[in-house]
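Scroll down for the structure; my scribbles are underneath it.
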Number of protein chains: 2
Amino acid sequence: MPVTLDSRDADFETAFRALLEAKREDSPDVDATVAGIIADVRKRGDAALIELTAKFDRLDLSAETLRISAAEIAEAVEQVSQKERKALETAAERIRAYHTRQVPNDAQWTDPDGATLGWRWTPVSAAGLYVPGGLASYPSSVLMNAVPAKVAGVGRLAMVVPSPDGVLNPLVLLAAQIAGVDEIYRIGGAQAVAALAYGTETIPPVDKITGPGNAFVAAAKRRVFGKVGIDMIAGPSEILVIADGDNDPDWIALDLLSQAEHDESAQSLLITTDADFGRAVAASVEKYLQTLERRAIAGASWQEFGAIITVPDLDTAAALSNRIAPEHLELCVADPTALSEKITHAGAIFLGQWTPEAIGDYVGGPNHVLPTARSARFSSGLSVLDFMKRTTLAQMSPDALRAIGPAAEVLARSESLEAHGLSVTARLRKLNG
Amino acid sequence: MPVTLDSRDADFETAFRALLEAKREDSPDVDATVAGIIADVRKRGDAALIELTAKFDRLDLSAETLRISAAEIAEAVEQVSQKERKALETAAERIRAYHTRQVPNDAQWTDPDGATLGWRWTPVSAAGLYVPGGLASYPSSVLMNAVPAKVAGVGRLAMVVPSPDGVLNPLVLLAAQIAGVDEIYRIGGAQAVAALAYGTETIPPVDKITGPGNAFVAAAKRRVFGKVGIDMIAGPSEILVIADGDNDPDWIALDLLSQAEHDESAQSLLITTDADFGRAVAASVEKYLQTLERRAIAGASWQEFGAIITVPDLDTAAALSNRIAPEHLELCVADPTALSEKITHAGAIFLGQWTPEAIGDYVGGPNHVLPTARSARFSSGLSVLDFMKRTTLAQMSPDALRAIGPAAEVLARSESLEAHGLSVTARLRKLNG
């Protein structure tokens, strides 16, 4: 059984804090290894990639076979069933429709002083998408990263995905094809991140790298940050369900388990106004844990990090939720919209009992790459904006310079930046004859 | 003399690459020291802050005097001249007006499948602003960081600024007051960043930290990233001026020098279609370098990293500019708007001869915290968005779940995430009777 709490108990605050601060992930310190790998790829390029891929993925490559060919992709995707292809296309279409609305507007205006101001958004020229191999190689993640990049207008989208022992994942390749990925390389780990950031003879460098990965990939992304842009460093997944007593305990149990089955470090929390309902959900979780394919993982996560919290009212639920700042938040209550308005920190909100979080993982439309580990307090899920950047624009008319130039001169002088001031003074002298 | 190049020369590409790759900053590796300081502040809180401030700033503080009191602030700001106060107010007002236009819109819509989708932006609850002490303690930077935070709706804005030997900077305190900063602490270095990120007995933690600083501050920001959000890690400043021959060489020389005077590592570049004009600018720079207060700094920067590049036409200028991805770009040409449309990567563009870059440092309106070191390829200047985050919203109607749920079931199964699929299946079973 996971921890059960009641917000009215005397020791609740202590127990709740422990829950908030639970360290769920013990990242091994692989930074020194990763630094060595990056230096090697920078120095030896393709040769280093080939050597490291032979070592880690037991796969012999040449410069010619680093990239997965169009023929190989075509052959692999033929293995995907029509049903799966259709589902991927539905997902891609819905993700595309949602993200198209995120494309930001440019702006330009002239203010009363005569200054024309504005900004313009432009896409990143080239982006790289990391896709893990093995168990965590999710076609849905390919869509969630690649579609926003293409909606943003990224010209060149390169994907890297390790293929241990040469095994390709047809669904991942099909998702890449549907999303419009331009190049796919069969490399992974820190060496793939280094290749994307610095380029090799075969792989031109990109400007931004996104996508999930293991500790080596995360450390590599941290290291190349600055040379290129990166998305967030994601931690283990988490869900908070706020539910009143008027729900089917099985549905809520399955929603909690759908996070727990990701990873032993995942966290599933339930806050309910109905203690009996909470007990019914706990019983249902135990029931499903008898049969689920991934019951070992889900059970460990639920046992170690799960919790059921009873609260007297939904205001208390909202207040606790804002302290948790959950990645995923389900509001299974009579008026989810009203409750959602009290939520100030959450990656994604799923409103009402017909919106299980799993819908958001695949076909809802919003991105499933979301801030974990309470980082929804200060960051957002992946979006089109992650693949664009804003250039600010300013043009002074002579009148505008006359109006605001003197203030700039004063401030430049007060900061002891003489040339700053003189660059304005020289122009004002001309204007004022 | 700095390097002079002509894009038509045979060895241009080599020389231009060298310019792009010039390592302008030799960051000392202070990471181990910084890790120790952060651990100390986490462990001992105020006591560590007080000890480190005594050591580095030669200043004896107590828990009661860590924060600069309202009376001290009032006394300090009285020393500021009316002229300087007025200039700061003009700057703040214009920065506020510009940034108010950046406040993003929420969105909500119902799609043809019956899914109600959208997003909502909310401010970060608490932000921390780092302000350097000494020579780089700029009141304009206080405005550029604090005003966007307050426009975003940040509830609590805490500022840290070291005061070596107890000396306060009245202009910095006045800028903080004008911008609406809520709390000011007289601490600096990695210890101040640690206090903001983790909190102490006296200083509640914040969710996001912005502002410039030295190598220790930068290393500390990198280390606390994840626990809190941070803005960019800024490198030395740079400017690129693209000018035709129809400009006053003195004006352009002063614009180049206004970057060079910041820092010996700053970089000032001129691209011109007129080689004679380029020579006239070079001569003018030498002239001003005889008299400028900061001629030692500006001269070193110009000598080491400056360049004048002659090109046959403005299209070539734009292409080179996009490879440089400059922090600041001045377009001093007959039709700056037309040229600006060819620019794909730049932090800020200043259009026309009446818009010296220094206007943008103080009173233009756009932010002066901008991506350096070619990072305009993938990132943007500071904005209101840096102090907000987006929560995505999704609500399925029963019809919507019926329409798109089956695709989610298929994809969950293909990713071997059984509970994901079952959470949809259980609901569809109810819907389909």
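Any Cβ shown, glycine's included, is placed from N, Cα and C.
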Given that TrEMBL annotates A:Gln259, A:His262, A:His420 as Zn(2+)-binding, name the residue from A:Asp207, A:Asp315, A:Asp335, A:Asp361 that shares the site. A:Asp361
TrEMBL substrate site partner of A:Gln259, A:His262, A:His328, A:Asp361, A:Glu415, A:His420, selected from A:Ser163, A:Ser237, A:Ser284, A:Ser383: A:Ser237
I need the least crowded one of these binding-site residues (A:Asn214, A:Ser237), counting other C-beta atoms within 10 angstroms of each C-beta. A:Asn214
Just counting, how many other CB atoms are there within 10 A of the CB of A:His420 (substrate binding site)? 29
Around the Cβ of A:Glu415 (substrate binding site), the count of other Cβ atoms that are within 10 Å: 20
Using DSSP reduced to three states, classify A:Asp361 (substrate binding site) as helix, strand or coil. helix
Among all protein chains shown, how many Cβ atoms are found within 10 Å of the Cβ of A:Gln259 (substrate binding site), not counting that one? 31
C-alpha of A:Tyr130 (NAD(+) binding site) to C-alpha of A:Glu415 (substrate binding site): distance in Å? 45
For A:Ser237 (substrate binding site), name the DSSP secondary structure in the helix/strand/coil scheme. coil
Going by Cβ pairs closer than 8 Å, show me which of the recorded positions A:Tyr130, A:Gln191, A:Glu327, A:Glu415 neighbour chain B. A:Glu415
